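Participant: The following feature annotations were taken from TrEMBL:
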COMPBIAS  233-243  compositional bias 'Low complexity'
COMPBIAS  284-295  compositional bias 'Polar residues'
DOMAIN    63-207  domain 'Peptidase S54 rhomboid'
REGION    229-309  region 'Disordered'
TRANSMEM  103-122  transmembrane segment
TRANSMEM  134-154  transmembrane segment
TRANSMEM  174-207  transmembrane segment
Amino acid sequence: MRPRQRGSHLGLMLLASQLFQMGLDNIPPVTLAVLGLNVYLFLFPAAPLMQACVSVQQAYWQGGWRRLLLSPLHHVDDWHLYFNMASFLWKGTNLERRLGGPWFLYLLCVFSLLTGGVYLLLEAALTELTQDQSYSMACAVGFSGVLFALKVLSNHYHPGAVTHVMGLPVSNRYVSWVELVLIHMMSPGTSLIGHLAGILVGLLYTLGPLKAVMKKCAGLVTSSGYDSRPSAYYSSSGSTGSRSTGGGYSGYRQNPPPDYAPPHTASYSSGLTEEEQLEAAIRNSLNDGGQSSQRGAPPPYGLPLSGEARVEEIRSRRLRRFDSDSRQ
């Protein structure tokens, strides 16, 4: 692994300036680590550029499948790296905060491999349709295909939003396709098929079966561990799980004493709101008081007797009074 010989590295300096302007503490760990890996492999490539790019000829015909791992992490020059990493910095920060670090890392690995695989399928299909071997020899490198997949996913979470492209408002549903065409028109040297592969992978996740397959695979991995229960996930849509300290609680209960037999109505559910739990607690307290009276317990001190008990007391007093009068 030899260091790359470059000139001024102006793109790297701009990327460093943007990182420090945003603040390293504000960048989630997976996003920061992947960005750092791309910068490191730009300065110290794992392979020469022509041995890291992916094509049908190199990957399929000659068996260079390791290129699927190398191609997303290598870039042509520092400007190529800067534009890709500046875009990833924004997309990665938002998506990692929404999805959580472990799932976002899992997502990046799958997207990176699938983007390269779909790229090979598209190039092979074009070769068969046009009988032009240049499609099979076209070699692609860079993170932009993965970025297009992440763009589709990010827009999927904001379907009603509008993005301004060259001053024109474009719905998030179509902005990826508009940018695909504009980038190819403005920079003809970019890989149109590589960017298209990224869009298709993003659609496979948002509209196709990819998300379900990934969850199934993740479930098989976690079920082999010591604890197969899903952990509390952090996402922007709200937190799941229970809180045992601070503020209110949800689904938390202490162990009752051994001789305690709760009534069937004294059941708390974590699905109730705090107001509903308060009402349920008051209702259960009243029910407990009524049931304790039915079990023959004495009434609380200072409370009058029930109406039936007062009638019996008056009747017994009248009988005693009648007996005493008759004896006199």
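Even glycines carry a Cβ here, placed using N, Cα and C.
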Participant: Over the domain 'Peptidase S54 rhomboid' (63-207), what does the predicted model average in pLDDT?
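Facilitator: Average per-residue pLDDT within the domain 'Peptidase S54 rhomboid' (63-207): 94.
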Participant: Counting each residue once, how many in the domain 'Peptidase S54 rhomboid' (63-207) are helix, strand and coil under DSSP?
Facilitator: 103 helix, 9 strand, 33 coil
